[in-house]
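To start, the structure under review is shown below, and the notes come after it.
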Amino acid sequence: MTQKGKLFKGQQKRKTIPPNRHGKMTQIRKGKRVIKPSKVTGDMDSDREITKFINHCNEVKAATAANKEGGQLSIVEEREREELEEREEIGRKQEEEQGVRDVEQGEMGFEEQAVGAQRNININYGNNNINQNEREGDVHVSMLQRLNPTNPLRIVINSKTRTATPPPSRISNIRGGATATPTPTPPSQFSSHTNSPQHSQPRSTPTPQPSITTLNSRKFTNKICLFLFIFHTVAAIGLVGFLLFRGVQGLIESSDNKVKRAEKRVLKFFLPQVEAASFLSITLAFAWQKAVRLWPMFFVHFILWTTFLMSLSAGILLICFQKPPTNGVGVCFIAFAIGNGLYACWITHRIGFCSKILIKSLEPVSKFPDLNQPTYWMLGVGFLWMSLWNLAVIGALNFYLPPLIIILLVLSLAWTTEVMRNVANITVSRVISLYYLRGMQSNTQFCFQRALSKNLGSACFGSLFVPAIEALRIVARGLNLLEGEDEFMFSCAHCCLRVMEGIFRYGNGWAFVQIAAYGKGFVRASQDTWELFEQQEMEQIVDSDITSSICFLTGVCSGSICVIVVAAWTARVHQSFTAAISLLSFFIGYLMTRIAMALPHACVGSYFVCYAENPDNRLFDNTIKDRLALMNSGRDVAVPTPRVPRRSAAR
């Protein structure tokens, strides 16, 4: 039996469609034809919920992308399901009668609404595409293809809120068939159509509401201080380069044998110990940051008493060398160790609350795997700059007025490293605060670039004043404890209290959170932050927080360890350099560790400030509320701090 040429076994016959009467081939549509089912099953309801969830995720992703491009998108709360179903049914009936209008032709308007207005009417129309250009600033939302009708986006552009609203014809139909909240008539500049005469509504003037503070400020903050820091940086780089040149010149071309011998002695017995202190300090910085993220509760107890032991050991070791310079430095270390031990005993009742806040504030860190990278970059840059700085100190010996030059170098290094720490602080604060305030997972690199550009002036300004404010706070706290001894100390203590009250209102370390989130200046951010604390009655909790003290003691602990290692080494090779190298190694170890501790400090600060701004956020637990309740009931008495007046602080 024979077969036809093109019909072999196993080969299917291809179906062909002849061309139409115009000679064109008919388009073949592949796939199944979607037909609306007549019955709704449970599987269809579950698929609908999954679709809503996917649309919600896409909207959050689009909002995050638009925020990076200068706009601000946030998600409005989801409407009640019963009300949505009723409105969807009315919308389907209206579409059957009048037909679906094409949104792409501009028949969908925008409505200008205030921030505190009531919920907008939300109607499910099919696929709604929004493409509106703002005159003041274009917002490109490339990822925003469709709006989910059950969870619309609230678009905030330049402190104006816009939401997609249905045409007036549909609003009038809904008002006739169902109860809905009336909305103001859309302005002409945001509406692409006019209301018909039969459906016209009287115009009403909306009540003015306060505008939302934008999260994407494009202004540079504290420009004068930014200019001063840039000028200082250029001058410091030039001075370090010149001193390096003088050091090499004195070592190679100097005709004075005394200067050449002095520089050779410094290179042989001074530089190796200082560079070793730099390596040890950056190693300890990485170790402390890892430890505080893994074991926060253990770390608080550990660092309090380890700092006491290390500083006491460093002081005893320096005194054992029996040299006047080392004896003076050793007495300072022992005095600090005694104060540290008394402080650790004094704040014993605060450790539990501090540990809880530290654990809770570090929880979002796991959601951002690259959150540590800005701190690592700052540590790397700081290590390189300190290495060059150490060589510049050697070159200063071959220049005029070496003590004055070294003091200027020390002050420059202190300000530079403090700015590095606050840049890392602002970066982490922006990432964490946007997570608390908007539920957004921001790009860490974008926040880091913003901290290095627009917010750098505030970081420089705060780096000058926050350490001085903290030092004055410690002095005022000491005077506060001694105010009952005599009349003079009593007057000094109350004078310091009044001064500190004014200083803390216009400059405090909590301001970096508002600087990072809203792009405010340092003074304004300090005022707004303290007003938030006063509104929530959190002054005593904030004053009794010991996170900044823990970060400070961590730096002292690293510096003391560097002193022990370097002093023992120097005493064996060149004992006359022991005191100078000990001070320098302590300074390096302290500064490097302070940069590393910017991450936990920023997390705790963001937790307090964001809680004060929105205490009902579901991301916060009842730790602060319970603490406030205990303080108000008198069962947990907070230790008075120097900034709080006596009439409001419990004794």
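Placement of Cβ uses the backbone N, Cα and C atoms for every residue, glycine included.
No curator has checked TrEMBL annotations; they are predicted automatically.
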Of the ranges 266-288, 496-518, the one TrEMBL annotates as transmembrane segment is 266-288
Segment assigned the feature transmembrane segment in TrEMBL (from 328-349, 460-481): 328-349
Stretch among 294-321, 328-349, 388-411, 550-569 sharing the most Cβ pairs under 8 Å with the transmembrane segment (226-245): 388-411
As a test: from 266-288, 294-321, 328-349, 550-569, pick the stretch that has the greatest number of Cβ pairs under 8 Å with the transmembrane segment (388-411). 266-288
If you count CB pairs under 8 A between the transmembrane segment (550-569) and each of 266-288, 294-321, 328-349, the winner is 294-321
